[in-house]
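Below is one structure, written out as structure tokens, with a few remarks after it.
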């Protein structure tokens, strides 16, 4: 197990690589299967493109198939790297580590587990590098997706999946304990003195530069879409109809992503902090009180902001209320298969403060 000599904390790929993308390229380069298959798809794409042109004289069909092959060549290595995390051995080791360490929401403990597993997999020749997990946060997300979510959805068997069930219960218990501690913390007095972005920016869109950047790419995508579709429309073929439906579907996904980009991106601790503030302020549907919650959260998120370009804040109280209605309120009357499903019990505690049931 590797530690930094000065800080005595585990050394992970996040400390050695510039970012997650460079780490992924490094991992892919150290394994033959993904890049060999990717190269084969690239070659096959060129063969299909030129073969359809010279043999069948059908450029549109060849272009469609070759595009699919090139997309496969691009995405397959990353898909392979993602799916490699789902090996049964990895899930077994992960569950055992969670039971032994009980990391809860402590990201430093998750980093330690990631470091131990990285060393173990490398020494056992299960993986070609000692950098299997990028960081503890990625390991935590893997646990939530493959152990916690199936538990919340009732898909784990109490007999055959005893360890997974127990580890999920330990994690949920740690969430409840952390939330109880957050409820005991006092709200900062300086929070209400700050201004909301609404007070200095006329439109929400102009406050979030990432939305402008993403909007620009959406416009370019739409322009490219119609540039590619128009020649096929003139031919009035079935292929043209398929192309229109596909690209419009992709456009809808892009628009939805643009809308989601304007919501603050919060980890589990920040999310519970937000819910704790809501429980204390007891806002109901009063936008003035939601403005207060936004100010408290903006101050908190600003203090932890790592990227100065992307503003991770609420625009105003209405933005905060809409965020709660979208991400949390469905948990109070639905199952736990939604995003933030692990916070279902906490949301059920907070919901009366939003619905007005606790207001006098």
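Every residue gets a Cβ built from N, Cα and C, even glycine.
Residues or ranges marked as transmembrane segment in TrEMBL: 33-55 (among others). For the transmembrane segment (33-55), same-chain residues at least 6 beyond its ends with a Cβ under 8 Å from one of its own Cβ atoms are 61-63, 65-67, 69-70, 72-74, 76-77, 80-81.
Annotation source TrEMBL lists transmembrane segment at 61-81 (among others).
What TrEMBL lists as transmembrane segment is 205-226 (among others).
Among the features that TrEMBL reports, transmembrane segment is placed at 238-258 (among others).
For the transmembrane segment (61-81), the list of distant contacts is 24, 27-28, 31, 33-35, 37-39, 41-42, 44-46, 48-53, 239, 243: same-chain residues at least six beyond its ends, Cβ to Cβ under 8 Å.
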